[in-house]
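J.: If you look up Swiss-Prot, you'll see 166-173, 191-195, 212-215, 279-282, 308-310 marked as GTP binding site, on the strength of sequence analysis. For S173, T193, the entry in Swiss-Prot reads Mg(2+) binding site, with the evidence type sequence analysis. The compositional bias 'Polar residues' annotation in Swiss-Prot covers 130-144. The domain 'Obg' annotation in Swiss-Prot covers 1-159 and is backed by sequence analysis. The domain 'OBG-type G' annotation in Swiss-Prot covers 160-327 and is backed by sequence analysis. Residues or ranges marked as region 'Disordered' by Swiss-Prot: 126-146.
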Amino acid sequence: MKFLDLCKVYIRSGAGGGGCVSFRREKYIEYGGPDGGDGGTGGSVWAEAVDGLNTLIDFRYQQHFFAKNGQPGMGRQRTGKDGDDIVLRVPVGTEILDEDQETVICDLTEVGQRVQLARGGNGGFGNLHFKSSTNQAPRRSNPGQDGVERTLWLRLKLIADVGLLGLPNAGKSTFLAATSNARPKIADYPFTTLHPNLGVVGVDNTEFVVADIPGLIEGASEGRGLGDLFLGHIERCAVLLHLFDGTSETLIEDYHTIIGELEAYGVGLADKPRITVLNKIDALDEERRAMALKQLNNVCGGGVMAMSGVAGDGVTDVLRKLRGEISDEPLRHKPVEEKEPWRP
């Protein structure tokens with residue numbers, strides 16, 4: 001399934017049905033009076049977060065969503081049928097933005113959460129409403145209220161517990177593949193990952209979700225490389241895992257590049273809890289590994305961990321560190337299977 005995290009939609013709620021001008025006409029009733037019914041209410045446009053979706057690709061092929069109009073009123077005080085609502089089903093974590101792409105209308109973060117995007121127009125009054133002591137036979141009714149037209153943007157921000165950070169080829173996808181059932185594309189060239197990937201990672205009978213985003217480069221906040229569009233997918237993460245390529249000759253510059261892009265993006269991303277890890281230690285000898293760890297500890301203030309996503313060295317320690325940083329609320333505890341004792 002193709003990944004799409006930003007799309008534009010056009011919506012219109014249904015117009016209300018017009019009121020009816022009608023008079024009671026029955027045998028032996030000479031002056032029946034007005035009996036025109038009201039028009040039906042137009043359909044509304046809703047958005048609902050549903051489970052099982054992780055992309056907005058469906059909205060690439062259909063961008064226009066129009067609710068049904070209400071039916072006009074009828075004689076014998078019959079109200080017209082209401083127009084059918086239309087529901088936009090979106091993934092959990094979808095933000096709905098106004099046409100300016102800045103004003104947030106709603107953030108759908110829970111399954112089943114709904115929001116009304118455009119309310120249907122009210123139906124018009126039939127002539128029964130205009131009867132008075134001075135006007136016993138009104139020939140007047142109201143038209144239905146027009147529907148509402150809007151242009152909106154949908155932006156998907158994946159919901160994960162841990163977000164992976166790093167320059168291209170830092171080993172983020174390798175780490176995700178080694179610790180979960182996710183199978184992102186892995187190759188020895190930059191920007192192998194072109195869209196975010198999610199994986200469920202388990203350690204010590206608990207599970208949490210890890211998000212892998214495309215690598216950042218200097219100037220990403222200005223649109224270089226793949227830009228910073230994908231940083232929105234780690235806004236909701238409880239902790240960030242910053243991976244460094246241990247074979248890089250410019251570790252300090254690499255650190256400042258990523259931190260600079262986080263600060264340029266804003267929304268407090270640079271202030272999130274962050275675990276720094278030196279990756280690919282299987283490709284380093286003892287002396288070079290010690291030197292790289294010393295450099296990173298000096299610039300980060302200590303606490304740098306080391307691992308190899310390919311060989312698996314230190315991966316469990318990193319997962320346990322991540323688990324400790326995540327609050328207990330989002331952690332999913334796996335049931336421990338108790339085996340019955342063997343009986344002859």
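In case you wondered, yes, glycine gets a Cβ from its N, Cα and C as well.
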J.: State the non-local partners of the region 'Disordered' (126-146) in its own chain: residues 6+ outside its ends, Cβ under 8 Å from one of its Cβ atoms.
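T.: Apart from its flanks, the region 'Disordered' (126-146) reaches 15-23, 31, 33-39, 42, 69-70, 72-73, 77.
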J.: To see if you understand the setup: which same-chain residues, six or more apart in sequence, place their Cβ under 8 Å from that of H195 (GTP binding site)?
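T.: Sequence-distant Cβ neighbours: F3, D5, P214, F230.
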J.: How many other Cβ atoms sit within 10 Å of the Cβ of K280 (GTP binding site)?
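T.: Within a 10 Å radius of the Cβ of K280 (GTP binding site) lie 24 other Cβ atoms.
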J.: How many other Cβ atoms sit within 10 Å of the Cβ of S173 (Mg(2+) binding site)?
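T.: Summing over all protein chains shown, S173 (Mg(2+) binding site) has 24 other Cβ atoms within 10 Å.
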J.: Rounded to the nearest Å, what's the C-alpha distance separating G166 (GTP binding site) and S173 (Mg(2+) binding site)? Just drop the number here, would you?
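T.: Distance (Cα to Cα, whole Å): 11 Å.
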J.: Look up K172 (GTP binding site) in the DSSP assignment and reduce it to helix, strand or coil.
T.: helix
J.: Give me the CA-CA distance between K280 (GTP binding site) and S173 (Mg(2+) binding site), in Å, as a whole number.
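T.: Rounded to the nearest whole number, the Cα-Cα distance is 13 Å.
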J.: Helix, strand, coil residue numbers for the region 'Disordered' (126-146) per DSSP?
T.: 4 helix, 0 strand, 17 coil
J.: Could you please provide the mean pLDDT value for the domain 'Obg' (1-159)?
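T.: Looking only at the domain 'Obg' (1-159), pLDDT averages out to 93.
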J.: Counting across all protein chains shown, how many other Cβ atoms sit within 10 Å of the Cβ of S308 (GTP binding site)?
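T.: S308 (GTP binding site): 21 neighbouring Cβ atoms within 10 Å.
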